[in-house]
Amino acid sequence: MEILLAILVGLLYASGIYMILRRSLVKLIIGIILLGNGANLLIFLLGRITKGLPPIIPENSKVFLEAYADPVPQALILTAIVISFGLQSFAIILVKRAHKVVRTDDLDEMNATDEDS
Amino acid sequence: MISAILLGFLFAILLVFAGKFFKGKFAVLSSLIPLGLFVYFLQFIPEIMEGNIVKESYNWVPSFGVNLGFTLDGLSLLFCLMITGIGFLVFAYTSAYLHHHKYLDRFYGYLSVFMAAMLGLVLSDNVISLFTFWELTSISSFFLIGFNNTQEASRKSALTALGITGLGGMFLLAGVIVLGNITGTFSIAEMLNMSPELIKGHEYYTVAVILLFGAAFTKSAQFPFHFWLPGAMKAPTPVSTYLHSATMVKAGIYLVMRFTPVLGGEEIWNTTLIVVGAVTMLYSAFHSLFRTDLKGVLAYSTISALGILMFLIGMGTTESFTAAAVFIIVHALYKATLFLTTGIIDHQTGTRDVTALSGLRKVLMPVGIAAIIAAISSAGIPPTIGFLGKELTYEATMHAPIIATILVVGIVITKILLLWAGFVAGIKPFQGSLPENLKDTKMPGPFMWVPPILLAVLSLIFGVMPFIIEGSLIKPVVSALGGEAGEIHLALWHGFNTVFILSLVTIAVGTTLYFLLKPSAKLETAVGKLESASPKSLMEKFNVGFTYLSSFWTRVFQNGYLRNYVFIIIFFLIGMVGYTMIGNTKFNIDPSILSNVSFYELVVFIIMCIAILFTVFTSSRLSAVVAMGVVGLTICLVFVFYSAPDLAMTQFSIDTLTVILFVLVLYRLPRYLKIQDHKMRIRDGILSLMFGGLIAVLALEVLSEPVNTEIGDFYAENSYIMAHGKNVVNVILVDFRGADTMIEISVLTIAAIGVFGLLKLRLKRTDRVQ
């Protein structure tokens, strides 16, 4: 499964970069989201995956009795997911706003400053 | 000693607050600072004469081995006395020269910063602090050259000077670091104590020498870096006197002298100095023939004098060191005098054009006396100290280690031309009849004419009684350079020998030349045509070319298109990481650590692949967003499979929220544009796939390395015992790393405020594009 996950991570990175390289702002945001997902999955994979052993201490014990998944990558990813949501929602609203003002979704057209146009 | 250096800086700071006081009639009081320092350094003479060296040391950056060490030996003392002595006269002179100038306080500020930096430079034992002070002199010189900052020529000259001396500063920094690596110390005193063979035999010896020469030659205006100095004459005359003739330009000389005992004696050292010095002295002495601006004549003869000094140091004999030490004093005295008298002429008549000036002795007699004595000293006519300097120079050159005959011819020609330059600057304006338009010229105040007289009189006194400086200055300098101080005996009369004949020839030919060749504007324009091949215009062309290259570079790499930046960054990332990985990639994952693939997982994998491809290739925005949602949800399933329930929950809610937000906003946006051509898509596709592949391979490589779970184990063991929580991930977030989470929440709050602001923002009609 690790190999399949590595392929998935690669695919997410590739698609993310490809979307970022497009001219449309919406595609740019989708690209960033895909890239973010890829990064999360990469951290998850590199923290070593363990099946069916969540890092939760059993009901009647004070310590783990058997093996458990490493909690540190999970804590990192949880933070990353939440933060990236902040970024995404801000970006989405920004695109909406920018579109309302300049009436374009094309990054190249947004490039022109007042002096050029 | 450190307080002596700091005094100048403190005075400059004081001027910020008390500038008004020193701008008015009390301006001359500021000269008490250099005078006090001069007296302070004078009292060291007896100690230095006995051969002692005064040392002070403070911890500065002990972790880097950088200590603020100061050493006062003969060489430093000579420079300190010049800096403070001429500084005193220049400070006093300025009070009259820039009388009631609007920015006189600034001027004094720059000047005292310079003085302090220069003192620091010649007293530093640590090469790093030497470099720092070196740069400070360049910077204060920049401000002083550009003092008349309303004139374009001033600003341009200031920039040229800063560019050249700044380049030299970079050489110096690199040079002292190399030197530090060779010797393992940054202290000059410790370098002197090492065996010279160890340094000179080191493989980086040549590199260090070349770098230090780069610094010295730029600072001391040696060919082909000399051109900033004539430009620096745009500065007010006191600055030219002080920085660009007497002290700062001699910093390069000082540097070479200081390192002569450490690095000198090798062929590369001696030959380079002799050749560069000789070329400089001849080239610029010759150039001074074609100037009509008095300061131009003086600038080129200064460069020539600096060339002579390099040349003398390069010969590396006790005789030549003595000649150099004497010539430094000679030159400082007569050149400062000539600059000061030129300043007076300029100030009182309003012109420096030597062809328009004559007969000024009738109106500026005391100034004329000073100028004529200086001219005689520069010509090397007895009984001035200039004669002594010239005799010693000839004597040393005749005993030069290489090609002595050619060098003698060179130095004699240089001296003849310098004699001409000195006469033009010191005698020409005062001889002949006074033109009608200069009849009303008035004598300036005593603060202006007394300093040049003092300097001129010193030229005479030292000439008649050379024993005054012999023991106190010259011998300590020569022994600081590694020469045999005991052999020195200065005297005006050396006997009737070859040197004396050469002197007579010099004086005779030079005087004849003076009467035959008058400075004329015609000659100046004639030689101006050769300007296009001079180092200055080559440098300017290089600058223009460099600007073109930079703007080309910017147009290509910084063209303002986001995707272009991303493309280049990713491209180089792939290139560099890929290059490292070729040959280092092992692909030896232990199959036993891999988990099996179950049916559900395979299905999830396939769904995710399809969803990703769909997101990328669909032409509908809505389907792209939905497919992206599917990607998020399948990742959520991966989290479920592999023991991360918290992640699964978070991913699920966030993914849903994102999709909803997207869909809400989306209907306001225009449709996808189909703009890009196929070529572009294929290019981007290949790059993206390579990048993805790289990440995948990297991930697999990391998996083949053992993992360290120490941190995770700590949290797991202490989760309940210390924090009384059983869900370890939650405990990490809200307890162990609670502060981080709080900051994360604030970030989210800021984002939320931003979103709210953007939604509620109402634009004025004019801001909208119709």
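Just so it is clear, glycine is given a Cβ too, placed from its N, Cα and C backbone atoms.
Given the structure is predicted, the values throughout are model-derived calculations rather than measurements.
As recorded in TrEMBL, the features of this protein are as follows:
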DOMAIN    B:62-108  domain 'NADH-Ubiquinone oxidoreductase (complex I) chain 5 N-terminal'
TRANSMEM  B:107-124  transmembrane segment
DOMAIN    B:124-414  domain 'NADH:quinone oxidoreductase/Mrp antiporter transmembrane'
TRANSMEM  B:202-218  transmembrane segment
TRANSMEM  B:268-290  transmembrane segment
TRANSMEM  B:297-315  transmembrane segment
TRANSMEM  B:363-382  transmembrane segment
TRANSMEM  B:402-427  transmembrane segment
TRANSMEM  B:447-469  transmembrane segment
TRANSMEM  B:499-517  transmembrane segment
TRANSMEM  B:565-582  transmembrane segment
TRANSMEM  B:597-617  transmembrane segment
DOMAIN    B:606-671  domain 'MrpA C-terminal/MbhD'
TRANSMEM  B:624-642  transmembrane segment
DOMAIN    B:681-760  domain 'MrpA C-terminal/MbhE'
TRANSMEM  B:742-761  transmembrane segment
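At the 8 Å Cβ cutoff, the transmembrane segment (B:402-427) and the transmembrane segment (B:363-382) share at least 3 close pairs (sequence separation 6 or more) and count as touching. Non-local neighbours of the transmembrane segment (B:447-469) in the same chain are 28, 86, 89-90, 92-93, 95-97, 326, 329-330, 333-334, 336-337, 340-341, 343-344, 347, 364, 366-367, 369-371, 373-374, 377, 382-388, 490-492; each lies 6+ residues outside the stretch with a CB under 8 Å from one of its CB atoms. For the domain 'NADH-Ubiquinone oxidoreductase (complex I) chain 5 N-terminal' (B:62-108), the mean pLDDT of the prediction comes to 87. For the transmembrane segment (B:624-642), same-chain residues at least 6 beyond its ends with a Cβ under 8 Å from one of its own Cβ atoms are 600-601, 604, 607-608, 611-612, 614-615, 618, 648, 651-652, 654-656, 658-659, 662-663, 666.
Each residue in the domain 'MrpA C-terminal/MbhD' (B:606-671) gets a DSSP state, and the totals come to 55 helix, 0 strand, 11 coil. Sequence-remote contacts of a segment are chain residues at least 6 beyond its ends whose Cβ falls under 8 Å from one of its Cβ atoms, and for the transmembrane segment (B:297-315) they are 216-217, 220-223, 226, 229-230, 232-233, 240, 244-245, 249-250, 252-253, 256-257, 260, 269-274, 276-285, 287-288, 291, 321, 323-324, 327-328, 331, 335, 338-339, 342, 354, 378, 393, 396-397, 400-401, 407, 411, 414, 417-418, 421-422, 424-425, 481, 519. For the domain 'NADH-Ubiquinone oxidoreductase (complex I) chain 5 N-terminal' (B:62-108), DSSP puts the residue distribution at 32 helix, 7 strand, 8 coil. Each residue in the domain 'MrpA C-terminal/MbhE' (B:681-760) gets a DSSP state, and the totals come to 69 helix, 1 strand, 10 coil.
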